[in-house]
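Structure, as structure tokens:
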Amino acid sequence: MPVLHNRISNDALKAKMLAENEPRTTISFYKYFTIADPQTTRDALYKLFTALNVFGRVYLAHEGINAQISVPESHVDKFRQQLYSFDPALNNLRLNIALDDDGKSFWVLRMKVRERIVADGITDPDFDASNVGNYLQAAQVNAMLDDPDALFIDMRNHYEYEVGHFENAMEIPADTFREQLPKAVEMMQEHKDKKIVMYCTGGIRCEKASAWMKHNGFEKVWHIEGGIIEYARKAREQGLPVRFIGKNFVFDERMGERISEDVIAHCHQCGTPCDSHTNCKNDGCHLLFIQCPVCAEKFNGCCSELCCTESALPPEEQRRLRAGRENGNKIFNKSRGRLNTQQGIPELKI
């Protein structure tokens, strides 16, 4: 029986991927449909994906599948055929092809069974995730943006919204989707008569969010088909104005796709215009934050002087410090407003 989990170190896998000569295509897709046995489905897909040298991150649950993957260019057609024939529910599934892709988004295949394919915190047994809002395509999105009766709601996290969003879109300030859902209902109560347009990166979050809004009494609810990725692709193909401003954050090694040339965010350390996310190089931190090239050199890729100093210590001393640190200090904290001021990052006023 083949091994159904990776057993090679991350460093070795990344080096192997970077040495590849064949171009790769970054693809994302999702589908809400009933999977009776997620573990068996997971194992079968793992074998299929491994045979095609697919890398990436795949989640399965009884409610469906959510995947962000990298496929060798020569295998894309075969991958599509095998995925479509794997289950009738996946036939002709929309595949979101990355917009700004160097083919180096993933270097290992990780496939996990979870309670939900996107953590939503919903416990209401009467909630019907299939009762979603109306889909909007690119031209319709642009028309809605010009409709004074429409409100665009960004269902992504704070750090995603910070580097790019649709014109005049409302942010639901939170670091997780499960935090956003109740906040969205609360914030939109005074706008129940408006047209609510929800969007996210690839469609999976805004689709479920649209169903949640309808479950909570909102009647005029839309969401963008395929999310930002599909909107930008179709708008460009059809010669339409692209009304998304800035960069689309993505959850892989690239950390972003350039949609427009606008830079709407700022370096979290010095305040200069910048929209490049990075993870703090200190292994005891790994905070996700925005850092300009000047600060990257000044702080050696770290988020603070404290982390810069710590990352320069001998490995044994770094491990000792990490072992003695409270778990609270290890939280992957993503909001700029909580940028570990105790670690030497001053609060930034922009």
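Each residue, glycine too, has its Cβ placed from N, Cα and C.
Listed in Swiss-Prot for this protein:
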- C200: active site, cysteine persulfide intermediate (ACT_SITE)
- 146-240: domain 'Rhodanese' (DOMAIN)
Same-chain residues at least 6 apart in sequence whose Cβ lies under 8 Å from the residue listed as 'active site, cysteine persulfide intermediate' = D154, M155, R156, C206, A209, G227, I228
Secondary structure content, the domain 'Rhodanese' (146-240) (per DSSP, counts of residues) = 43 helix, 19 strand, 33 coil
